[in-house]
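**Q** The signal peptide feature in Swiss-Prot is assigned to 1-26; the stated evidence is experimental evidence. Under the heading disulfide bond, Swiss-Prot lists 51-93, 82-127, 86-129. Look at Swiss-Prot and you will find 100 tagged as N-linked glycosylation site.
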């Protein structure tokens with residue numbers, strides 16, 4: 001289904017491009033490869049928006065959050081990272097092939113020292129659109145004990161077993177008995 005949808009998108013995009021393409025003589029390009037005041041063609045925008053490795057400036061502190069005693073020069077580095085669109089909200093652009101790159105960075109310890117050292121960073125070599133991982137499902141793979149009365153239950157994250165927060169002795173101290181199905185202290189049945 002996704003393949004068919006992608007094929008239809010591409011076909012329509014190509015048709016639109018061919019229908020509206022204007023052949024003009026080459027004019028001097030501005031910085032960034034575009035002519036001044038030129039409208040970027042649909043196919044160019046469409047092709048450049050796909051999930052792929054793209055140069056991204058990454059803050060060094062994002063990669064090395066524990067190195068707070070240093071000031072880095074430069075403070076960010078250009079890395080190839082996955083970016084772009086997947087044309088389906090249930091998919092996300094993720095790396096499928098990665099490698100480390102070593103860069104020389106100046107590490108400054110204010111009022112003490114500074115030196116150029118080597119630091120390793122992760123680069124993305126290949127990217128792919130894959131189903132999004134459900135964050136909530138990853139954090140808690142167990143289903144809820146009760147939709148309406150979650151506050152009455154305790155759940156073991158290892159076994160997913162549900163047990164009552166209330167205890168039988170706590171209920172009996174109030175002249176009630178524990179209903180293990182609802183985890184409430186109910187009036188005794190006669």
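Quick reminder: no glycine exception, Cβ is built from N, Cα and C everywhere.
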**Q** Taking the Cβ of residue 51 (disulfide bond) as the centre, count every other Cβ atom within 10 Å, in any protein chain shown.
**A** 19
**Q** To the nearest whole angstrom, state the Cα distance for the pair residue 51 (disulfide bond) and residue 86 (disulfide bond).
**A** 6
**Q** Between the residue listed as 'N-linked glycosylation site' and residue 82 (disulfide bond), how far is it from one CA atom to the other, in Å?
**A** 15
**Q** Between residue 86 (disulfide bond) and residue 127 (disulfide bond), how far is it from one CA atom to the other, in Å?
**A** 11
**Q** Please report the distance from the Cα of residue 127 (disulfide bond) to the Cα of residue 93 (disulfide bond), rounded to the nearest angstrom.
**A** 6
**Q** Within 10 Å of the Cβ of residue 129 (disulfide bond), how many other Cβ atoms can you find? Include all protein chains, please.
**A** 20
**Q** Between residue 129 (disulfide bond) and residue 82 (disulfide bond), find the distance joining the two CA atoms and give it rounded to the nearest Å.
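**A** About 10 Å separate the Cα atoms of these two residues.
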**Q** Around residue 82 (disulfide bond), how many other CB atoms lie within 10 A of its CB?
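**A** The answer is 21.
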**Q** Tell me the Cα distance separating residue 93 (disulfide bond) from residue 82 (disulfide bond), rounded to the nearest angstrom.
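**A** For residue 82 (disulfide bond) versus residue 93 (disulfide bond), the Cα atoms are 6 Å apart.
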